[in-house]
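Please read the structure below before turning to the comments.
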Amino acid sequence: MRVILGPMEGVLDHLMREMLTEINDYDFCVTEFVRVVSQPLPDHVFYRLCPELKQGSKTKNGVPVKVQLLGQDPHWMAENAIRAAQLGAHGIDLNFGCPAKMVNQSKGGAALLQHPELIYQVVKACRDAVPSHIPVSAKIRLGWENPEDCFEIVDAVEQGKADELTVHARTKAGGYKASEIKWDYIDQIRQRSTIPLIANGEIWNYADGQACIETTGIDSLMVCRGALNVPNLGNIVKHNHRAMPWHEVVDLLLKYTQYEVRGDKGKYYPNRIKQWFAYLRQAYPQAADLFRDIRTLTQVESIVEHLHHYREQLEVAQ
C-alpha cells in the first residue's frame, strides 16, 4: 500500500513536511497550493512554498514532493505548471477540492466542481504542456452538494488525461463532518473508471485505513489533518505502529522549535505552534493542559523555555 502526506494550506509547510517525513514512511508529499492568477508566477513563489525544488523536489529524507496548483484559467495553469516542471517538480497536482470560502469566492478549488468542463480544460492544458515523464494529478471532492456529481467530475479528469486522482470522500457542502464521509462512492468510481485513485478522508488510525481499503478497493491513502493529530500517523496506517507516546510528541515539539526558529518563519512560530496544538489536543489530552500554559505567551523565547521546562518535568515524573 501507499500512504501520502496531503496538502493543508497554512499548516503543512516545508518545515512540517521535513519533520513528518523523517518519522514516517510516506511515499510522497503534496505542497500547500500555489495560487495561480492571470500571469506567470515568479520563481520565488514556487521556492517559497516548495523549497524542496532546490534539492531535487525531495525532502531531506528523500521523500518526493509534488507541487500543487490552484486556479481556474487553463492557459495560466498550464504556463505555471510548465514553470514548476522546469524548476524540477516531482509532479504537478491540481486542486479542485479546497472548500475554503475565500478560495471558492474567487472561483478556485472546490468551486470548479460545479463546472466539470472547466476541470477538463485545466487538466488537459496542464497534461499537454508538461513533459510526459512528469505526472499530472488532481484532487477533488465528490461534488459541490450532490455526491452523484462525482462521476461526471471524474470523467472530466480522466478525459483530460490526468495520471492519478485523489478523491476526498465528501462534498464541498459536507465540509469536514465525519458523518458526511462517503467512501462507497470511491468504490463506485473505481468500478467505472480506469484512472489510478487515492482515497482521502476520515483516516485517523490503522483501523480506519483498513476499513477505507476494504470499502473502496483502493490501497493508496492520503492523510492530512490526522497527520497533525498523531504525528506518526503515516506509520500507524501503513505499518500498524502504535501511536507516538506523549513524551515523544513533546520531544517533537522541541524539534519543531528548532526548525521554525532557525528557519525562515521564526517570526510566525508562536502562532504556528499554537495552531499545531489545536490538532494535538484531539488525540492527546495532555496537550490541552500544556496549551493553556503557553497560549498567552507571544515571545518565541518564552514558549521554548516553557517547553524545555515541561519536558524536564516529564523526565522527573517518569
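Glycine is no exception: its Cβ is also placed from the backbone N, Cα and C atoms.
The FMN binding site annotation in Swiss-Prot covers Pro7, Met8, Glu9, Gln68, Lys139, Asn200, Gly201, Glu202, Cys224, Arg225. Just so you know, the Cβ of Glu9 (FMN binding site) picks up 18 other Cβ atoms within 10 Å once every protein chain is counted.
Arg35 (site 'Interacts with tRNA') is surrounded by 18 other CB atoms, counting those within 10 A of its CB over all protein chains shown. The site 'Interacts with tRNA' annotation in Swiss-Prot covers Arg35 (among others).
The site 'Interacts with tRNA' annotation in Swiss-Prot covers Asn95 (among others). DSSP gives Asn95 (site 'Interacts with tRNA') a strand state.
The active site, proton donor feature in Swiss-Prot is assigned to Cys98; the stated evidence is sequence analysis. For Cys98 (active site, proton donor), the same-chain residues that are 6 or more apart in sequence and have a Cβ closer than 8 Å to its Cβ are Glu9, Phe33, Leu70, Asn104, Gly108, Gly109, Ala110.
Feature annotation from Swiss-Prot assigns site 'Interacts with tRNA' to Tyr176 (among others). DSSP assigns Tyr176 (site 'Interacts with tRNA') to coil in the three-state reduction, placing it in neither a helix nor a strand. Using a 10 Å Cβ-Cβ cutoff, Tyr176 (site 'Interacts with tRNA') registers 13 neighbours.
Marked as site 'Interacts with tRNA' by Swiss-Prot on the basis of sequence analysis: Arg272 (among others). A 10 Å cutoff on Cβ-Cβ distances gives Arg272 (site 'Interacts with tRNA') a total of 20 other Cβ atoms nearby, all chains included.
The site 'Interacts with tRNA' annotation in Swiss-Prot covers Lys274 (among others) and rests on sequence analysis. Other Cβ atoms within 10 Å of the Cβ of Lys274 (site 'Interacts with tRNA'), summed over all protein chains shown, number 15.
Feature annotation from Swiss-Prot assigns site 'Interacts with tRNA' to Tyr279 (among others). Just so you know, the Cβ of Tyr279 (site 'Interacts with tRNA') picks up 19 other Cβ atoms within 10 Å once every protein chain is counted.
Taken from Swiss-Prot, the feature site 'Interacts with tRNA' applies to Arg295 (among others), supported by sequence analysis. There are 12 other Cβ atoms within 10 Å of the Cβ belonging to Arg295 (site 'Interacts with tRNA').
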10 Å Cα neighbourhood of Lys139 (FMN binding site): matching recorded sites from Arg35, Asn95, Tyr176: Asn95
Gly201 (FMN binding site) versus Tyr176 (site 'Interacts with tRNA') - Cα distance in angstrom: 8
Arg272 (site 'Interacts with tRNA') and Arg295 (site 'Interacts with tRNA'), distance between Cα atoms, whole Å: 12
When distances run from the Cα of Pro7 (FMN binding site) to each of the recorded sites Asn95, Arg272, Lys274, the nearest one: Asn95
Cβ contacts of Asn95 (site 'Interacts with tRNA') (under 8 Å, same chain, 6 or more positions away): Pro7, Phe33, Gln68, Leu69, Leu70, Gly108, Gly109, Ala138, Lys139
C-alpha spacing of Lys274 (site 'Interacts with tRNA') relative to Gly201 (FMN binding site), in angstrom: 24
